[in-house]
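K.L.:
Sharing the features that TrEMBL gives for it:
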DOMAIN    48-176  domain 'TFIID subunit TAF5 NTD2'
REGION    226-287  region 'Disordered'
COMPBIAS  226-250  compositional bias 'Basic and acidic residues'
COMPBIAS  277-287  compositional bias 'Polar residues'
REPEAT    333-366  repeat 'WD'
REGION    372-398  region 'Disordered'
COMPBIAS  373-385  compositional bias 'Polar residues'
COMPBIAS  386-398  compositional bias 'Basic and acidic residues'
REPEAT    403-435  repeat 'WD'
REPEAT    445-486  repeat 'WD'
REPEAT    487-528  repeat 'WD'
REPEAT    529-570  repeat 'WD'
REPEAT    571-612  repeat 'WD'
Amino acid sequence: MEDEEMERKVQQYLHRKGFRLTELALQEERNRLSTTSLSDVSLSRPDNDPARYYDGYNKLRSWAYNSLDQYKHELLRVLYPAFIHCFMDLVSEGHTLEARQFFLKFREDHELMHSRDLQKLEGTLSPLHLEEMDLAQSLRENKFRIKLCEYSYELLLQYLQKTQALVMLGIINERIIFEVSAGQPSLISDDADVVALVGTSKDLAKQINQKEVHWGLLEDSVEERMEKALSDSDRAEAESKDADAEDNNKKKSSLGGKQGGPLNKKLKKDKLVGATGKNTKSETSMISAAPRVKPELTLPAAPVEVEQSILEDLRNRAQLNNLALPSVSFYTFLNTHNGLNCSSISNDGSLIVGGFSDSSVKVWDMAKIGQPAKTSSSQGENGSSQDERLSSTSEGKRPYTLFQGHSGPVYSAAFSPFGDFLLSSSSDSTIRLWSTKLNANLVCYKGHNYPVWDVQFSPVGHYFASASHDRTARIWSMDKIQPLRIMAGHLADVDCVQWHVNCNYIATGSSDKTVRLWDVQTGECIRMFIGHRSMVLSLAMSPDGRYMASGDEDGTIMMWDLSTGRCVSPLAGHNSCVWSLAFSCEGALLASGSADCTVKLWDVASSTKALKMDDTKAGSTNRLRLLKALPTKSTPVYNLRFSRRNLLFASGALSL
């Protein structure tokens, strides 16, 4: 009203002073502006007509599909953000029926790349649903980043200007950020990497990833000391054998003159590089090159018998590479339909545990599988062992040890590094510690408010980490009933957790499609990895501590460089959920297990070697080379583990 009053007074003043031409010009300008504003409103939102979204998107879709093949795949990238926001705008304006028809009409265009998001949005029927859904809020608050070549970008601008597609222009202007590059269009195979949701999360990731990460191995670790002792003993053994050989050669040379000289040198060289010394050096070359860091946690001392066991494993370790693949031992659970939720294997492969929906935890000893159970008569009246008493039932002997204590389905189970303890987590929001020697529950840890999806021991034992539906990860020690640290920051469930090899960091994968790295001492997030298109279900750390692999619900595997925070090798590895990942002991191979009933082996050594050579190129990425796919016919793979001897153990569930 103030503007109208001011215009009226100005017009009265011009009329009173006799400025007739100025008065007419002012009136014409006011009429023209009002007409233009009315026409803009009628073009952009005519009577709140929902058909404008259908027409605008349909025309943009037809134009993109009819473009030149050279640029078509780039222009089609614009359709998904336009489709999503047209649908959500229709829902927010209350046009539920039109939104449903629009969604069903064009859903097929995006089913291949975005099936998970479409399944979540399919049930959106009211503006209230949009406000309550995390995915919808994320789509509204952030923008899509789309990469186009310069010519594709100019074609899109020309189309929007000529057609006056105001609805599409508004959505594209408000919801999309274009990264325009000079030169030729990108490859069709890169489509999965050039459309990403960014916004506050990307800005936060840039800020977080500037922090320093000490990714090396622990100083004076058990394996490092054992490897040194092993190499020293092997060297001493080789030198003693060499001394005996020299004495023999001297005797021979006294008879044969100078012929013993070259023979002696050759024999000495063969002895020094022979036996186990050669294997040890080549196996640990990647690990020995890693920097050493100090521990931030007070680490427990390893018992003498454990060190002896590690030494024995190192002596018998097989070297793996792209030409020497591991032997695989596969354990299958039968008749477990809707019963088995998780499984895990001890470091040496001697024990395997399953967590079940009936709140039970069952442990199998692989050495006893297939052996006939001993009867109590052979032991005498009271001669049965404790294991047999715990396993006995009225129906006979169980082939497993049963642990009962949880009051809800068990979602995760993990052995300690030395196999003497077992952790389990459940929907009852508790974590329980079991003794595999006493076959008893020792502690019940309470701290989470919702179901605990994953729990993992640290590489040295004593400490463990948990991931929960309450969007937090927590660090615990076995001797305290309260958590030591709480890691909060994820926007959805924390689905998996993994320790770094130096125990100074833990990594978490979440349903918010991100992976985060946390400092165990401060509880601070120091890395945020963005790139997955669905919930992250599995994580694995390389033996040298520099790289991390993550697998998601769509079957994608990504390997990250912890020092830079960027993805070094994205790949579509499987056709379904990647439930388990494991690096070989020297880091040359990566094994992945999936719900698509396959175990796949990937060549890590060649990719990381090429990456180090191209460190000067910030944008260089290498895709892991698939070495072998091992199908299991009809058994999804729940868990993978390399033993210290580099044998691969796997477990899966088969429903009969």
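The backbone N, Cα and C atoms fix where each Cβ goes, and this holds for glycine too.
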K.L.:
In the same chain, which residue numbers or ranges, 6 or more beyond the ends of the repeat 'WD' (571-612), come under 8 angstroms Cβ to Cβ?
P.N.:
192, 283-287, 317, 319-322, 325-326, 328, 330, 537-544, 546-547, 549-559, 561, 620, 622-642, 644, 646, 648, 650, 652
K.L.:
Cβ under 8 Å to the repeat 'WD' (403-435), counting only same-chain residues 6 or more beyond its ends: which ones?
P.N.:
306, 309, 341-348, 350-351, 353-363, 441-446, 448-457, 459-461, 464, 466, 468, 476, 478
K.L.:
Over the repeat 'WD' (571-612), what is the model's average pLDDT?
P.N.:
85
K.L.:
What counts of helix, strand and coil residues does DSSP assign across the repeat 'WD' (403-435)?
P.N.:
0 helix, 20 strand, 13 coil
